[in-house]
Amino acid sequence: MTTGKTAPRRLSIFGSTGSIGRNTLNVIEHLGGRENFEISVLTGNGNVELLARQARSSGARLAVTASDRHYESLKRELSGSGIAVASGKSGLMEAADRDADWVMAAIVGTAGLAPTLAAARRGADIALANKECLVSAGDLFIKAIREGGGRLLPVDSEHNAIFQVLEENQRHAIERVILTASGGPFRNASLEEMKHVTAETARAHPNWSMGLKISIDSASMFNKALEMIEARHLFSLNPDQIEVIFHPQSIIHSMVGYTDGSVLAQLGAPDMRTAIGYALSFPRRPKLPVERLDFAKLARLDFEAPDEVRFPALRLAHLAMTRGGVQGAVLNGAKEVALEAFIEGRLAFLAMAEITERVMDDLAHLPPAAGMDDVFSADRQARQRAAELMKLDLVG
């Protein structure tokens with residue numbers, strides 16, 4: 001006689017020590033923890049103490065630090081636990097090969113590309129929080145998902161919102177997708193004021209608690225630019241179907257407009273656990289301890305058209321999508337170098353977009369990527385060219 005109880009789902013979390021990873025473990029705990037889920041792999045970077053605590057408490061079978069120099073520290077932290085330890089690129093690829101039904105891909109940057117692609121090819125369901133997979137290697141990644149047979153479950157709040165309201169049998173009737181943005185700390189700033197922005201003022205996001213780099217990317221709208229490129233790949237859209245609207249309350253996370261004039265939207269309090277929980281439980285909806293909206297208290301929702309003069313990153317996203325090929329990888333690579341220079345005080349806030357566009361123009365001749373080597377080459381060339389331009393002082 002069978003009890004009817006299903007076996008625990010096997011999960012891996014790439015980037016468990018970051019914000020997305022920590023929230024994922026929080027959601028797993030709320031949804032029954034070890035009774036319903038079996039953690040195969042956790043990966044992190046330099047925070048080995050947190051990674052070790054997570055591995056012990058979750059019962060993970062393998063813990064991986066992306067940095068080889070932290071291998072011995074992680075090994076000491078997990079001594080006697082029975083949890084296997086690995087490190088570096090080979091460790092991340094070992095993590096990708098482990099038997100997990102569902103993978104949270106939350107490693108920040110290009111380091112997450114290879115292991116996430118490998119997990120997709122293996123057929124795992126990919127809960128995607130790594131932007132580079134689609135921005136830099138969108139065509140290759142979508143192909144890997146299709147060949148592997150797994151599902152692609154977006155975790156970014158905007159893309160998760162679209163995923164939730166998208167009527168699968170009505171994709172042909174999609175007229176536009178509208179990504180919302182809070183507008184960040186400089187939504188009402190003048191162009192002159194934005195010329196004098198510092199890293200400290202740029203990090204103050206009005207609605208979300210985030211790290212330094214992502215906060216600055218949000219303030220400059222580069223984060224939204226990357227999300228536009230992601231949306232194109234996720235939902236097979238044309239560039240002219242993707243719009244951005246400022247919505248300072250961050251209650252509507254995105255909208256889908258159809259050919260009959262209908263617009264469907266997903267609303268909710270700004271809490272990443274909603275998107276994570278939906279990706280983890282899809283197609284069911286889990287019960288989560290997140291804030292419930294009180295529309296009487298909310299009273300109003302505001303919207304504004306973004307100004308591409310003050311936020312040129314949005315225009316660069318359209319340029320990258322129109323050109324196609326490896327322009328997404330070039331945009332991202334150049335932006336990363338410009339962002340570091342801004343944080344260090346070597347580059348003005350608005351000059352991040354100037355240098356990124358110059359690099360995109362200089363490398364517009366690069367052919368489409370036939371494989372990951374071409375993606376990494378485009379990224380490397382973009383970073384080198386951005387550094388050269390700053391050294392030559394060709395931008396502000």
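Even glycines carry a Cβ here, placed using N, Cα and C.
Swiss-Prot lists THR17, GLY18, SER19, ILE20, ASN47, ASN130, GLU132, GLY211 with the feature NADPH binding site, giving sequence analysis as the kind of evidence. Around ASN47 (NADPH binding site), a 10 Å sphere centred on its CB holds 15 further CB atoms from the protein chains shown. In this structure, ASN47 (NADPH binding site) belongs to neither helix nor strand by DSSP; it is coil.
The 1-deoxy-D-xylulose 5-phosphate binding site annotation in Swiss-Prot covers LYS131, SER157, GLU158, SER182, HIS205, SER218, ASN223, LYS224, GLU227 and rests on sequence analysis. Neighbour count (other Cβ atoms within 10 Å of the Cβ, all protein chains): 21 for LYS131 (1-deoxy-D-xylulose 5-phosphate binding site). DSSP assigns LYS131 (1-deoxy-D-xylulose 5-phosphate binding site) to coil, not to a helix or a strand.
Counting only same-chain residues six or more apart in sequence, the Cβ atoms lying under 8 angstroms from the Cβ of GLU227 (1-deoxy-D-xylulose 5-phosphate binding site) belong to LYS131, ASP156, GLU158, HIS159, LEU179. Look at Swiss-Prot and you will find ASP156, GLU158, GLU227 tagged as Mn(2+) binding site, backed by sequence analysis.
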Quick note, ASN130 (NADPH binding site) and ASN223 (1-deoxy-D-xylulose 5-phosphate binding site): C-alpha atoms separated, nearest Å, by 12
With NADPH as the bound species and THR17, GLY18, SER19, ILE20, ASN47, ASN130, GLU132, GLY211 as its recorded binding residues, calculate the greatest Cα-Cα distance and give it in Å as a whole number. 22
Taking the Cβ of GLU158 (1-deoxy-D-xylulose 5-phosphate binding site) as the centre, count every other Cβ atom within 10 Å, in any protein chain shown. 26
Counting Cβ atoms within 10 Å of each candidate's own Cβ, which of the binding-site residues THR17, SER19, ASN130 comes out highest? ASN130
What is the interatomic distance between the Cα atoms of GLY18 (NADPH binding site) and ASN223 (1-deoxy-D-xylulose 5-phosphate binding site), given in whole Å? 17
Cα of GLU132 (NADPH binding site) to Cα of ASN223 (1-deoxy-D-xylulose 5-phosphate binding site): how many Å, rounded? 11
Do any residues at least six apart in sequence from ILE20 (NADPH binding site), in the same chain, have a Cβ closer than 8 Å to its Cβ, and if so which, in order? MET104, ALA106, ALA129, VAL155, MET272, ILE276
